[in-house]
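Undergrad: Submitted below is the structure of interest, expressed as structure tokens.
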Amino acid sequence: MNQRLRLPSWNVLGLLPAQLIMLLTLIIPVGIIILVSFSTRGPYGGFDYVFTTAPYKQILFNEGWSGELEFNPQYLIVVARTVILSLATTIICLALSFPVAYFISLQKTSAKMLLIYLVTLPFWVSMIVRVYSWIIILGNDGVIAKALRALGITNNIGSLLFTDTAMLIGLVYSYIPLMILPVFASIEKLDPALVEASHDLYGSRLTTLRRVILPLCRPGMVAGAILVFVPCLGAVLEPVLLGGGKTMMMGNLIQLQFGAARNWPLGAAISIVLMCAVMIFLLWRGIHAMRKEGRENGA
Amino acid sequence: MSVKIRLSMLAAASAFSLLTSLPAWAEGSLSIYAWADSIAPEAVAKFEKETGIKVTVDAFSSNEDLLTKLQAGSSGYDIVTPSQHFVKIMIDSGLLEDIGASSMPAFQQILPEWQKQWWDPTGNYSVPLAYGNAGFTVNRNLYKGPVDSWKVYFEPSEELKGKIASLAQADEVIPAAQNYLGIPYCSEDPKEMKRVLDLLQAQKPFVAAYSSDNIENRIGGGEVAMHFWWDGNTMRVRRNDKANVEYAMPKEGLVGWLDSYAVPKGAANLDNAKKFIDFMAKEENATIEYNYYGHSSPVKVDASKALYNKENAPELFPTVPVKMGQACSPAAQELVTKVWTQLLQ
């Protein structure tokens, strides 16, 4: 009992400004979204504070064309597509980042600095401009189409832009720097002596990569995977600009609900579901990492 | 250089006034939220010179964006330019200011057929700015066939696979499909709306993109052969960019729209907004606006200075019925959304 009454120590008070910012800019807005997701929709958008769980039910059940309430997977299809595309993006980013990061880490310090600077360069340009540039590259009169035509390979590649492939290219391009940086950081920390030791013990190149380098770079790869996967789930621009708006990802679905559909509570409910999915994923990762650490320490 | 500095000061000043909305700053400013490239910069400059009021113009690209922004509260804008059905929705939801427009000088300039229409029966909330219609445009280098029916757009022939583009907004596309199928706008009958969905789903394999940006390049440059589009925009790209395009006149009917000036509830610069609306409705300024925007004018213009007529701009003078878009009931809107979600799921 006594312990509870003790005044907070100074270092807790010192964190107060940061906590205040978190409260005002993160926790309260999320609270509002949760509130909206349990409200009744207004006739022309907006919402009324009348409690209902209808928005959550609507995610799974909808009136069919015959007017009866039935299970409707339309939103689940969008969710599944989002997860699959995000996973694919993460895997491609990982596969491309590792050699790039490894190559950079082998350079002289000055070259290393320059290359890392180049990797971060896209961050200085607006996301819209970066995605838009792919329209110009992939379009009918784009660089790729022109090159292929000039080489006489094919005349009919008008199908590059506005495809799922274009969407995936855009996603990988947008988020790959977020993967390269943490992977590079963990490769930098790799002790070359360990690689040498592996070779001394007659480990082949492949074995060295598999048993020494990759396990030691795991934390960087996991961090990169989270940094790529999570924002991918909320991607809005790539499906619209590169996918031609033909299929939706969750970001577009949420936008549709707040915009044309005038169903804010449903949009809020989908946002909450998306957020919960991300949190469960991160929690699972966290627990997994903690258990592993515990095992290693215990052994 | 001096221009640059003035512009940046203007931007800073307007940003500041938006943030603080101090009355002292609000005195001489006006912020407009309008369709992209819809307000003639020449007219705005003239207004600034005559009145000393600093004007900022921001752009939106769909009625829904505008509605959502106003519903979210204090948008900071003094004038917005919604289309007719959204004027009705905004009046009904109490988002617009009653500016007594019917007793303003601007009202006398409005052509009789556009006064006190169903979306603003008292005529007190809005003053029309431009009208036109939605249909489809073909690139004549790529498509030589007839354009007298929505059939060629919604049920295209095999060679048009991947050569058709649509818009990203259900509100634009679905009424056109309803015209083709002979279904009333805002139908609340699920069976009828299922037919709309079937039609759009059958069309989807032919559609390269559902996109409302960059349309000029896509249709003018020949990325696609057919594009859902508007009359005046087609006319401008044909006249200004010499693109070989033609605006279709489908016998089933085009989808009409009319955009109006209106003032959001609680606007900081109400008097300046009214001044601007009156200014833009004056015959000479309306003519500047007409020549710039290239959509038909619902207010009187000076015929001797107007650039467009039946001969050089046939797009603006439709020869087929034009049916104005309606404000749908929540039940009908639900069906529209259902069609669109299932189309793009």
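Residue numbering: from 1, along the chain as shown.
A Cβ is built for glycine as well, from the same backbone N, Cα and C atoms used for every other residue.
Taken from TrEMBL, the feature transmembrane segment covers A:12-38, A:75-102, A:114-137, A:157-176, A:220-244, A:264-284. Per TrEMBL, domain 'ABC transmembrane type-1' is recorded for A:79-285.
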Undergrad: Quick test of the contact rule: Cβ under 8 Å, at least six residues beyond the ends. What residues does that give for the transmembrane segment (A:114-137)?
TA: 100, 104, 107, 143-144, 161, 166, 169-170, 173-174, 177, 180-181, 184, 237-238, 241-242
Undergrad: Spell out yes or no: are there three or more C-beta pairs under 8 angstroms between the transmembrane segment (A:220-244) and the transmembrane segment (A:75-102), with each pair 6 or more apart in sequence?
TA: yes
Undergrad: So what's near the transmembrane segment (A:264-284) in sequence-distant terms, Cβ-Cβ under 8 Å and 6+ beyond its ends?
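TA: For the transmembrane segment (A:264-284), the list is 30, 33-34, 36-42, 45-47, 52, 54-56, 58-59, 75, 79, 226, 229-230, 233-234, 250, 253-258.
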Undergrad: What parts of the chain pack near the transmembrane segment (A:12-38), using Cβ distances under 8 Å and only residues at least 6 beyond its ends?
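TA: Distant contacts of the transmembrane segment (A:12-38): 47, 49, 51-53, 55-56, 264-265, 268-269, 271-272, 275.
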